[in-house]
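As given in TrEMBL:
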TRANSMEM  26-50  transmembrane segment
DOMAIN    41-301  domain 'G-protein coupled receptors family 1 profile'
TRANSMEM  62-90  transmembrane segment
TRANSMEM  102-129  transmembrane segment
TRANSMEM  150-170  transmembrane segment
TRANSMEM  198-226  transmembrane segment
TRANSMEM  246-271  transmembrane segment
Amino acid sequence: MNSSKSPGLAGFGVLKNSTCHTEKKISVFFSIIFMTAGILSNSLAIVILMKAYQRFRQKSKASFLLLASGLVVTDLFGHLINGAIAVFVYASDKDWIRFNQSNILCSVFGICMVFFGLCPLFLGSVMAVERCIGVTKPIFHSTKMTSRHVKMMLTMVCLFAVLIALLPILRFRAYQIQASRTWCFYKTEHVEDWEDRFYLLLFSCLGFLALAISFLCNAVTGITLLRVKFKSQQRQGRSHHFEMIIQLLAIMCVSCICWSPFLVTMARIGINEGGSKETCETILFSLRMATWNQILDPWVYILLRKAVLKNLYKITSGCCGEHVINLHMWELSSIKNSLKVAAISESPGSSKQINLQPLSSMGQ
């Protein structure tokens, strides 16, 4: 089959000299386990986040919860769509020539891989920026970061990720079937054309940029919260900030650990002008590492909630033999008072109703 004479079969050139052999049973097992775990964990996280959004709908935490819900929904559809296509490919014995004559399925698969890869990274960085503004510029955040603005930001992020994913199609560059014959992406074998290298480097640079923005904004947010805590004894309205920054730090760490191998691999392939030195097994391993990011993201919101952290603190303090007095004081001053003051301050006519009674309970 001469792929040079048939533009619709441009992605089949890699099938001739494929040197990457994967065990079918193991590969199908991985795909089904990843897809099932991702769908279940993301569905559970969506339920938790939607309940939390209903409780904090009119408060400063609502924008963060809306962005987090967008991230989890994106991860859910990523597992659902990409996992379904991958299982179909395995079920068809990876015979792309039979079911992908016009290269449509490979193009759809490649678009979904790029979109569902970049969009969660972008949303993680947007969440970090939102928290940084909420902590450093609370007045600006309360007036400008409304639910309507957050929904516009979500739409813009998704449209930008769609544009990046459609860029090769708009430039009449077909997505390529990879050496393992199980997924489609940019051209990663015998990359010699500058445009093919550009797509790989663009994907890697955007991913690293999103991680860098998350790191910088989370660092500024964390330092600001610690400075406020050490300088002032009044900690009202800050407990939910610490809860969200812990979740953001966990998301950033998970994203860095899971995505760095794949981003580095794609960057090395794009930089190497004389051909890629990365083996198919290395690329496949880094891809599976990146897939774990969409599985672990929802567990950040499932496990790192206030109620779960409180129970873990009780268990830890009980095992270490420490007294629970500090925990009781923390519950009174940092949780109940913060929520009470936040509710009063955000209600109409709050300037006339605020009193200093909650502050006196901190010393009890």
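Each Cβ is built from the backbone N, Cα and C atoms, and glycine gets one as well.
Here the transmembrane segment (62-90) has long-range neighbours at 24, 27-28, 31-32, 34-35, 38-39, 42-43, 45-46, 49-50, 52-53, 56, 96, 105, 108-109, 112-113, 116-117, 119-120, 123-124, 126-127, 130-131, 134, 141, 145-147, 150-151, 153-154, 158, 181-183, 244, 247, 251, 294-295, 297-298, 301, meaning same-chain residues at least 6 beyond its ends whose C-beta is under 8 angstroms from one of its own. The transmembrane segment (102-129) shares the most Cβ pairs under 8 Å with 198-226, out of the stretches 26-50, 150-170, 198-226, 246-271.
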